[in-house]
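Working notes for the structure below.
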Amino acid sequence: MAKPLTDQEKRRQISIRGIVGVENVAELKKGFNRHLHFTLVKDRNVATPRDYFFALAHTVRDHLVGRWIRTQQYYYEKCPKRVYYLSLEFYMGRTLQNTMINLGLQNACDEAIYQLGLDMEELEEIEEDAGLGNGGLGRLAACFLDSMATLGLAAYGYGIRYEYGIFNQKIRDGWQIEEADDWLRHGNPWEKARPEFMLPVHFYGRVEHTEAGTKWIDTQVVLALPYDTPVPGYLNNTVNTMRLWSARAPNDFNLRDFNVGDYIQAVLDRNLAENISRVLYPNDNFFEGKELRLKQEYFVVAATLQDVIRRFKASKFDSSNSAETAFDAFPDQVAIQLNDTHPALAIPELMRIFVDIEKLPWSKAWEITQKTFAYTNHTVLPEALERWPVELVENLLPRHLQIIYEINQKHLDKIAALFPKDVDRLRRMSLIEEEGVKRINMAHLCIVGSHAVNGVAKIHSDIVKTQVFKDFSELEPDKFQNKTNGITPRRWLLLCNPGLAELIAEKIGEDYVKDLSQLTKLNSFLGDDIFLREISNVKQENKLKFSQFLEKEYKVKINPSSMFDVQVKRIHEYKRQLLNCLHVVTMYNRIKKDPKKLFVPRTVIIGGKAAPGYYMAKLIIKLITSVAEVVNNDPMVGSKLKLIFLENYRVSLAEKVIPATDLSEQISTAGTEASGTGNMKFMQNGALTIGTMDGANVEMAEEAGEENLFIFGMRVEDVAALDKKGYEAKEYYEALPELKLAIDQIDKGFFSPKQPDLFKDLVNMLFYHDRFKVFADYEAYVKCQEKVSQLYMNPKAWNIMVLKNIAASGKFSSDRTIKEYARDIWNMEPSDIKISLSGEPSGGANKANGK
């Protein structure tokens, strides 16, 4: 008789081995059927297209999960250094197609769905965008997660699971109206709630100093409930985790007072605690010092650091060691990247944990903290820098304020010793600003508390070092680095432009997807007329497809053989959508003046959201829609010129418009755009760039040759010289008749006949307080646009320039960026090991990893 199994042997039957599904068309169809009937409880008679989308998403997810579990088991076995990317924004967009591509399932899924008589594209369009970001900063975080997984780094994205993401933009009567983005209303098939890892986060209260140490007591507690989303690498079986925290009230919330009496009200008040993760603040490059926002920033930081320390202890904490010696290994096991200053409170929070809870001496705690953190700066605009009122922090986080004061005191002592007579330097470098309302400068806190600080393009990093944080870089020059941004070629080429991706693969093979520098091989086809024509054909197909989309969704008919001239990004004065608009008015006036003259037809497309409280940005949208109303309905203009405002620009819309673009507008005032990443997406997708020498445009020109971009306007030093001399907008207005005409038309109500003074504030701003000097670059911009039109009339020369740009875009892969972060900042090595899906290690992995 067989010996009975021990409990341990019985447990071994609970295993992922043997249940990881086969990945072929028949199995995918089976999975689809199973999920439609057993997960969604529908049959084909009552299933809606949304049910079919969910059935497909769950089927694809099944193939993710095996890899996800194996990846976490692998990390537990190998115990690699882990990197934690802390960001208040992750602008992920849609997940289905990206997952199919990264798992190598797209063809099989396409075939399975086709065999089931369904339309794959229709199903993909049902998915909601995960719009948990405003623009570039959040989308960068998403691209970085893709690259970290593709490079086999043990990486975790940590953020907030906002119930409402970036608002949906509606245009009514030419004005922006915001609507709530209830992206979770149908459920989210990709996330997994992890209530077993729920953690407490404390607010308010008071600080008590005793002989045993310092305690933060009488606090209000909010619980942080984690939701995990898998992040697959490209064809390497690595699946990392993005963990987003949702706020929950504890069960005894407002009921702790025995005589509270009003039980119903106490339950209703739970909403107040849960509001922390309710909505994303819709500000891009603008600081709004609201208590709820500060709560969000501390909430993500406090929950994340508890999680990081729990995982560190589960993997490496040897109980025979004292906490002090055990934590010596912390920076060897943990790197934390702060995506802008939003998670800056992680620095005092880690100090609080080390000093108050783990009882480390201050100097040891500070040494470990500095070695752990690194900070990425994303903007040089003064209005975007976070400066929290001391009073607000004192009320919400009293212990953290004490720690910040202590950090500042030691920091200033060090500076005073180095520069004994320089009192003004102390003022400039302090973490606390004393003028007016006392404030904490969060960028200064990040710099002092990190071992590395980086800008996001060469020119931006130079400005950071020589202007914005000059004193700090003089003190510690080696702390400051550059890491030029990048984009993931999986989403921004394979997914959004399969025609171009295949064409490239036919010429140079498929390896470029993981090593984008191989695109330089395309230079050997510059003389290949057939290839140039094929590239042009792909662009034409994309334009046709986008024209049909515009007609269907926006009821706008456009000429698909016109030049598609596109500016899509957040609406902000520094991005100068106004300059673009003035050019449209100028083109319109030229056509009206001489209708018989040859004119290269253009469709100008402008899209982007304005922060709800940003009056000038909203007025700019109204101007664009008003100009469009006149231009598009003038029979004399016909199909020569059209202006479209692209409503509700978001990741999934970017995936449609970018591959269809001929001309990419990157026209910020030199020295204002830190990097930009839209510029890179357009370049990779075969658009030519008209732009200033700003942000990553500078490096794009370096890579492709300045003669292969349409560069115009003031350089950084010209802007500085003009500031010194004094910018007089009137001088340009008087000297340039076409500019004068355009401004007069806007001012006198030509584009707003029912309300002639509608744009007076805008015109007034352009004349008297335009920090971004639109008029100063107008003439150069219009002349440069004439060069663009000329080249467009010579398709072969245009296509050669397009190919040169695609071939030069390899530097701008986020894989390259992440390799540089890993090497220079995190001290980590990418791994090209493909994790085996069959084996399984001994237990304990999930205990340590909490996935």
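Placement of Cβ uses the backbone N, Cα and C atoms for every residue, glycine included.
Pulled from Swiss-Prot:
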- Asp43, Arg44, Asn45, Tyr76, Arg310: AMP binding site (BINDING)
- Ala2: N-acetylalanine (MOD_RES)
- Lys681: N6-(pyridoxal phosphate)lysine (MOD_RES)
- Cys109: site 'Involved in the association of subunits' (SITE)
- Cys143: site 'Involved in the association of subunits' (SITE)
- Tyr156: site 'May be involved in allosteric control' (SITE)
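Following the DSSP three-state reduction, the secondary structure of Lys681 (N6-(pyridoxal phosphate)lysine) is helix.
Every protein chain shown contributes to the tally, and the Cβ of Lys681 (N6-(pyridoxal phosphate)lysine) ends up with 30 other Cβ atoms within 10 Å. Cβ neighbour count for Asn45 (AMP binding site): 5 (other Cβ atoms within 10 Å of its Cβ, all protein chains included). When secondary structure is read from DSSP and collapsed to three states, Tyr156 (site 'May be involved in allosteric control') falls in the strand class. With the fewest other C-beta atoms within 10 Å around its C-beta, Arg44 stands out among the binding-site residues Arg44, Arg310. Distance between Cα atoms for Cys109 (site 'Involved in the association of subunits') and Arg44 (AMP binding site): 19 Å, as a whole number.
Comparing the Cα of Arg310 (AMP binding site) with the Cα of every entry in Ala2, Cys143, Tyr156, Lys681, these being the recorded positions, the smallest distance points to Tyr156. When Cβ atoms from all protein chains are considered, those within 10 Å of Cys109 (site 'Involved in the association of subunits') total 25, not counting its own. You'll find the Cα of Lys681 (N6-(pyridoxal phosphate)lysine) roughly 40 Å from the Cα of Arg44 (AMP binding site).
Long-range Cβ neighbours of Ala2 (N-acetylalanine) (same chain, at least 6 residues apart, Cβ-Cβ under 8 Å): none.
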